[in-house]
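To start, the structure under review is shown below, and the notes come after it.
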Amino acid sequence: MSDYLLQMTQISKTFPGVKALDDVRFEVKKGEVHALIGENGAGKSTLIKILAGMYEPDQGATFLFEGKDAQINKPIDATLKGISIIYQDLSLFSNLSVAENIYIGRDSGKKPWKKVNWNEMENVAKKALQELEFEIDVQTPVEKLSIAQQQLIEIARALAFDSKLIVMDEPTSSLSAGEVEKLYRVINKLKQRGISIIFVSHKLKELFAVSDRFTVLRDGKYVGTYDAKELDEDQLITLMVGRKVLYEKNTEKGLAGQTLLELKGLTKAGNFKDISFELKAGEIVGITGLVGSGRTELAQAIFGVNKPDSGEMTLNGESIQIKSSEHAVKKGIAYIPESRKTQGLILRQSLTNNISLPILKELRNGFGLIKRKKEVDLAKHYIDTLDVRPAHPHRAAGDLSGGNQQKVVIGKWLSTKPQILIIDEPTNGIDIGAKTEIHKLLRKLAAEGLGIIVISSELPEVLAVSDRILVMRHGKIAGELDIAEATQENIMNYALLGSKASTLKKNVQASKEVSV
Amino acid sequence: MKSILKSKEMSIAAIVIALCITLTFVSPVFLTADNLLDVLKANSVIGILAVGMTLVIITGGIDVSVAAVTSAVCVIIGKLMQVMPDHFSSLLLLFLIAPLLGILLGAINGVLVAKIRIPAIVVTLGMMSIINGLVLYITNGVYLNSTNFPKVFIQFANIKVFGVSVIILIFMAVALFTWYILKYTLIGREVLAIGGNKESALRVGINFDKVQVFVFSYMGLLAGIAAIAQTAYTKSVDPNGMLGLELLVIAGVVLGGANIMGGRGTIMGTVLGVLLLGIVQNGLILAKIDTFWQKVFTGCIILLAVSYDHIQYKRSQEKLAKIEVEA
């Protein structure tokens, strides 16, 4: 018998246009806590979903569980084999009782008229809860429990299924410090029983607190597996970020004209806190941070769809409260959301119809009808200036490539003649060549005097377009960096640790020591 | 689970009681056994259908063809009864045919929704239109009279146990049976699980398609039973008699605390919801308010109840979508 409970090798997963995982290996020993880490989009979730039976890996993968070939085609297969996944958003049934939530799935596949044995259900649940030393009435509906309690219910469910491997995806993201301590104790208890745990988290401190080993992924590739004792936080960050040079770092200095937008202490409970910065004409400010750090919520607040509780916003030197997205557009603020296909474009309609949408009112003639010729001319203008291909105003937006679709979205918002453009994940799902083109386009627009806020998880992208970079963490601005001093490492330090980086020199050294 | 759902049912029960007390003062007739039994009897068909609709709505579906399916079964058993001999076996045959016809029509809805993945509202709207058209074609819109119905059927329709009509008894039996299914059978728990969290239900191996076919077929079964109750109640078949009834059925379920988006709903709540609607109508009649106001009132009650539900839902969603902000 090997020491390994789980052995996944040569795991690749290709989605249309993207290789999410490329020849990844992942091995978990019995009774260890194994941290799986990487940046946003490194492939952690994809790997977990393959383990859970939600995705099928590409051909050629080997997937051994307890030394045997694991046949996991459906999520329930994984559960029955003893693999339990505790998702970040939890997968409890809020309308059902604690007992049912713990028991559910055991009867799967049995006769529909099988009588439900409430006594047995409650006994199984009580036993599992006892092992966790968690006292609660098993008849309580789950919706009445706190997130921490709900998480314990999920762990109890895993125990009730005799799980040998429990995956915890960002388990501490909604726990208080005291609850996190309790979770650690539970994890230690599980470990003593010989249960292996895969811990996915962005919080480095807690990873070091609980993990025995680390596996690092980067851009869908396997970086390495390390003993927790042989690494420190800085080395880990270096491993996560790596040395990828996708695009040139921005060296142009923006115009930095007069101040367009100024935020002072903008706060919204549960979203972001005490946000202050300014945006000048001709400047690109990059906002980065982990997913869930409050970036998008902040952008929506500026755009008027997520009203802040307190703080001040000034536009062209005048204090202003944006009441709605219409108000924002009228004041010259444009916001391009992350999901181009669902929020940005009407894919089945022509480029013309998409581009003219925000300003249809201005295109009306005396009878309130749309001046079609003017509308098409407008579309042609933006198609030309933004170099959209194919340059045909009557083609459906859905026929275009991702990069060209994004240009159409940008054109659509430029038609409102904004002074400020906020763009969320501008190159999400676009191939590399087109990404560079979008970056150039953004620089060009800034050079023409537009103030631009770029929100992105991709550090190379932020470095390629920004004049200044704000790093958000837990709803606050953890750090502000001028492009000249910004590196992937110091951005990640702010995003993960919230503190100023240990010196660059140390990082370089670290990367030498830990040869990959 | 009991406490919270009870509290929701308790609040409906409280409204029902408050309404009863008010009506007792408005009209001395209201609080008499005869009147209360009449209200119950008059709303039994809606009640039977609402019980089935509760399951459909818990899974996040809807069935607007219930009244049409019931009508269709009514017409078919009405036509059959005109040629049936006056013998006990005729009755048994009816009790077999009506539910089977209902299940068949319901299963068609269920398969179209589950396998071809057409939204339930579209499938059942189509079904409703087809059936309503066919019913008019078959009957020419003319009543089927009870004069040539078998006498055993009329005797059955007049059965009373301790003064309680058989129609009410059928309603109570259906409610109890369905409550049992929901509470004590695997399929019943799967219905609730899917309503609670579809994604997780799939993860734990629940077959969503199967559950959908089940709820629509079960709805059909109850429509078949409702057709017997309806024919027993009116002792005739009016091809247009149930037009628009589906709205009252859905209203009863929603008033009973079920969430139209799925996940929440109890049989007890639905029974109370149907009673509430019935008592409001009865009260308006007793208070000698014009009949057209009944619809206005019913509509207002529904909108109020659903608005309340949605505001609650939105609040709970907002609570979930939070980012941990460091102090």
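Cβ from N, Cα, C; glycine included.
Heads up, TrEMBL stuff is auto-annotated, nobody curated it.
Here is what TrEMBL says about this protein:
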type: TRANSMEM; residues: B:12-33; note: transmembrane segment
type: TRANSMEM; residues: B:45-78; note: transmembrane segment
type: TRANSMEM; residues: B:90-112; note: transmembrane segment
type: TRANSMEM; residues: B:118-138; note: transmembrane segment
type: TRANSMEM; residues: B:159-182; note: transmembrane segment
type: TRANSMEM; residues: B:211-229; note: transmembrane segment
type: TRANSMEM; residues: B:241-261; note: transmembrane segment
type: TRANSMEM; residues: B:267-287; note: transmembrane segment
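In summary, the transmembrane segment (B:159-182) does not lie against the transmembrane segment (B:90-112): fewer than three C-beta pairs, each 6 or more positions apart in sequence, are under 8 Å. Note: the stretches the transmembrane segment (B:12-33) and the transmembrane segment (B:267-287) are in contact (3+ CB pairs below 8 A, sequence gap of 6 or more). The stretch with the most CB contacts under 8 Å to the transmembrane segment (B:118-138), chosen from B:45-78, B:90-112, B:267-287, is B:45-78.
Same-chain neighbours of the transmembrane segment (B:267-287): 5, 8-9, 12-13, 15-16, 19-20, 22-23, 26-27, 29-30, 35, 38-40, 42-43, 46-47, 50-51, 53-54, 175, 178-179, 182, 248, 251-258, 293-294, 297-298, 301, counting only residues six or more beyond its ends whose CB sits under 8 Å from a CB of the stretch.
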